[in-house]
């Protein structure tokens with residue numbers, strides 16, 4: 001047994017030693033090489049100088065889908081486990097890479113809440129702000145969501161209210177080994193686009209926004225390699241969301257097929273709004289805006305931004321035959337105020353110890 005482990009470690013070490021020379025020669029890594037390298041990064045086994053060199057070489061060359069997927073699979077495997085579900089159970093995420101610099105309201109987070117209110121199972125994976133004053137974690141914390149809830153509590157939230165939040169730093173402790181290197185480098189690297197791909201709940205449906213159109217195809221192909229069967233990868237005229245101020249470039253993943261699309265607000269039966277109309281603020285300011293939206297009292301532009309992204313999720317779940325029909329469903333649920341009650345239920349459940357809750361339920365019986 002020990003000799004097998006030693007041989008395996010020796011093989012990984014040999015692989016790591018070939019990675020930088022391969023990249024310096026302008027060649028791509030295969031998925032296994034990328035996986036093994038990032039696996040060692042997460043265990044603290046990679047020298048900071050080598051890590052910085054490899055990240056820089058990947059950046060200069062341009063990361064391939066295999067390199068992205070290999071890293072993502074390694075990171076997800078090393079994450080704190082989320083309770084397994086039945087293979088036929090559908091779970092989705094609505095997430096962006098960040099980095100678009102637009103400082104909009106929290107569109108993807110709010111769309112995820114609305115989608116949960118529409119009956120979809122949403123496991124939202126997120127962090128604090130990257131490209132704005134308020135990230136998904138900042139917003140949900142402002143509402144009172146317990147970011148440090150256990151995986152069991154998060155799973156209970158998902159079962160009870162169709163919604164949970166997985167705070168990235170609570171699941172990906174191995175990132176601490178890369179933190180100082182990333183900070184010293186001061187540039188975007190592969191790590192900046194991995195967040196949407198490493199959700200520990202392993203969603204099988206995704207609405208994934210990217211900050212540049214150059215990432216559309218690589219991220220779509222990487223999603224396929226990580227096992228996602230149904231998704232939209234989108235870039236909306238400068239945003240990592242579906243846009244209202246212009247067209248959205250999209251790649252639809254449909255069971256192995258990649259379909260390039262251009263989507264406009266009119267495809268949802270809506271009109272255009274300016275980017276200025278959906279600008280956000282601090283977490284507290286955004287929380288007030290989101291509370292109005294989810295209670296059915298939001299401004300038209302804010303509502304529309306959330307509706308189009310929620311509608312895309314409904315369409316991917318085959319809850320509607322067209323984006324227009326999906327938008328109508330999202331609009332009806334939004335007007336009902338059910339979105340806010342869904343979020344407030346998440347707040348309540350996230351602050352309960354699921355083990356004690358289950359004990360109380362047994363006692364009641």
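Glycine is no exception: its Cβ is also placed from the backbone N, Cα and C atoms.
Straight from Swiss-Prot, the features:
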- 96, 99-100, 104, 106-109, 124-132, 136: 5-phospho-alpha-D-ribose 1-diphosphate binding site (BINDING)
- 96, 127: anthranilate 1 binding site (BINDING)
- 108, 241: Mg(2+) 1 binding site (BINDING)
- 182: anthranilate 2 binding site (BINDING)
- 240, 241: Mg(2+) 2 binding site (BINDING)
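Working note on the binding-site residues 104, 108, 127: by count of other C-beta atoms within 10 Å of each C-beta, 108 ranks first. Proximity to residue 241 (Mg(2+) 1 binding site), judged by a C-alpha distance within 10 Å, picks out 108 from the binding-site residues 108, 125, 127, 128, 182. Looking only at the binding-site residues 127, 182, 240, the one with its C-alpha closest to residue 96 (5-phospho-alpha-D-ribose 1-diphosphate binding site) is 240.
Between the C-alpha atoms of residue 128 (5-phospho-alpha-D-ribose 1-diphosphate binding site) and residue 240 (Mg(2+) 2 binding site), the distance comes to 16 Å. According to its DSSP assignment, residue 108 (5-phospho-alpha-D-ribose 1-diphosphate binding site) is helical. In this structure the C-alpha atoms belonging to residue 240 (Mg(2+) 2 binding site) and residue 108 (5-phospho-alpha-D-ribose 1-diphosphate binding site) are separated by 9 Å. Within 10 Å of the C-beta of residue 241 (Mg(2+) 1 binding site) there are 27 other C-beta atoms, taking all protein chains into account. Cβ contacts within 10 Å of residue 96 (5-phospho-alpha-D-ribose 1-diphosphate binding site), excluding its own Cβ and spanning all protein chains shown: 27.
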